[in-house]
Amino acid sequence: MTPGGGSGPMKDCEYSQISTHSSSSPMESPHKKKTAAPKRKWEVFPGRNKFFCNGRVMMARQTGVFYLTLVLILVTSGLFFAFDCPYLSEKITPAIPAIGGILFFFVMGTLLRTSFSDPGVLPRATPDEAADLERQIGNTEDIANGSSSGGYRPPPRTKEVIINGQTVKLKYCFTCKIFRPPRASHCSLCDNCVDRFDHHCPWVGNCVGKRNYRFFYMFILSLSFLTVFIFAFVITHIILRSQQAGFLNALKDSPASVLEAVVCFFSVWSIVGLSGFHTYLISSNQTTNEDIKGSWSNKRGKENYNPYSYGNIFTNCCAALCGPISPSLIDRRGFIQPDTPQPAAPSNGITMYGATQSQSNMCDQDQCIQSTKFVLQAAATPLLQSEPSITSEELPLPGKTTIGAPCATLTLGQPTPPSSMPNLTSETGLTDMIPLKEEHEGHQFLTPEEAPSPPGMLPAGSPITHSHTMHVLSLASQDSLHEDSVRGLVKLSSV
């Protein structure tokens, strides 16, 4: 085809369609493209948390009290193993430092497991999920209120669900844009919604929730045993030394034992009391948050029972301490997927994405323009030849287009130009138009001033230009051409 044909734009269109499969945009230079290292999710985590070891360690932002806890345990235990255990293992039994070592490692393991793990953070809603939830809430409110006004209303704060016959309210979190599951709460210090939220413990530097509660309980329970163990054998050490050299001399000979006894004496009451309190919570299958708020208090009535309790102390303890650990929902070490274009509204059952849709629309527009040109040429060819027009009673001849007969369906995707294209001049066109005008005197045609001619179809200033456009428009209106061809014709005429 010549440069004026339709092959050039079609090739460009096909090239644009192929280029959409690449990851770079069409306007981006290939040698300017730089591949950035993929980020992990913990690097853009919205909550107020600190991460270490490439996201493996997750803690709260306020960790000062946690380091104090760590120092107290390490210093007290270190002094006990350094100054008391050698004397006790010699005078009493070597099992004392062995038992103390087991308790110490168990305490440190459970402390680090509680502090460095995900307590059960619930992921926040994406913008699409939040918009869909607000849309559902708005529709529910409109139905409930019997109004269809488009004004903004804040979403309701609660929903009600039935759990074991008890009505439980689900609160809406305006920060995370979700309805929190039962027993979940939003921690103001970490700025996260935590599943089965118990409390935020500054001593461990993390929230205590569904995924680390058992380790927190084992930590305070083992710490209670270690504190009592160290305090008991420190007193034993002082008593044995005082029997040999007196009480004051015993204190002078082992000043570390005095420091250990003081630390253990002031801490054992709070640690043992905290262990007893959480033992009660586990046996009744409650959380600290529920107990403080009195959610299932018997003072509210007999019908206000705890729907999460199994009715058996042993079963409640097994469910809290021996049940499976749920996986983390935030996937903090996962890679962030590249931003994929959102699907647009489907049109005619076809879903287009991002730049592909705009480029396909441009290609369809070029195809429509080229197809319209071929429609004009194919429709005008039989009319411009010196042939008498036939009536509706005559049979159509091959190779001729009748005005009364319906047009054939045109395919806009791949238009095929006519095999032969006669050379049109102003003289031949004028002589061909005279018989047509005489034979169709009864028909109402547009005047040349009323019908604008498309530019580029015929030489400028030719008298055949307006008549040619007149017959093409008459043919298009009588034969009911496809809507896309008519739009292409109007668009071409307005250029």
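Note that Cβ sites are derived from N, Cα and C of the backbone, with glycine treated the same way.
Since this is a predicted model, take the numbers as computed values, not measurements.
So that you can see what the record holds, here are the features copied from TrEMBL:
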- 19-28: compositional bias 'Low complexity' (COMPBIAS)
- 169-293: domain 'Palmitoyltransferase DHHC' (DOMAIN)
- 1-39: region 'Disordered' (REGION)
- 65-83: transmembrane segment (TRANSMEM)
- 95-112: transmembrane segment (TRANSMEM)
- 215-239: transmembrane segment (TRANSMEM)
- 259-283: transmembrane segment (TRANSMEM)
Beyond a gap of at least 6 residues from its ends, the CB atoms lying under 8 Å from the transmembrane segment (259-283) belong to 72, 76, 79-80, 84, 216-217, 220-221, 223-224, 227-228, 230-231, 234-235, 238, 291, 313, 316-317, 320-321
Given the transmembrane segment (65-83), its same-chain partners at Cβ distance under 8 Å and 6+ residues beyond its ends are 59, 97, 100-101, 104, 107-108, 111, 115, 202-206, 223, 226, 230, 233-234, 254, 256-257, 259-260, 263-264, 267
Given the transmembrane segment (215-239), its same-chain partners at Cβ distance under 8 Å and 6+ residues beyond its ends are 73, 76-77, 80, 84, 87-88, 92, 96, 99-100, 103-104, 106-107, 110-111, 113-114, 117, 198, 201, 204, 208, 247, 250-251, 254, 257-258, 260-261, 264-265, 267-268, 271-272, 274-275, 278-279, 282, 320-321
Over the domain 'Palmitoyltransferase DHHC' (169-293) the mean pLDDT stands at 94
Helix, strand and coil residue totals from DSSP for the domain 'Palmitoyltransferase DHHC' (169-293) stand at 76 helix, 19 strand, 30 coil
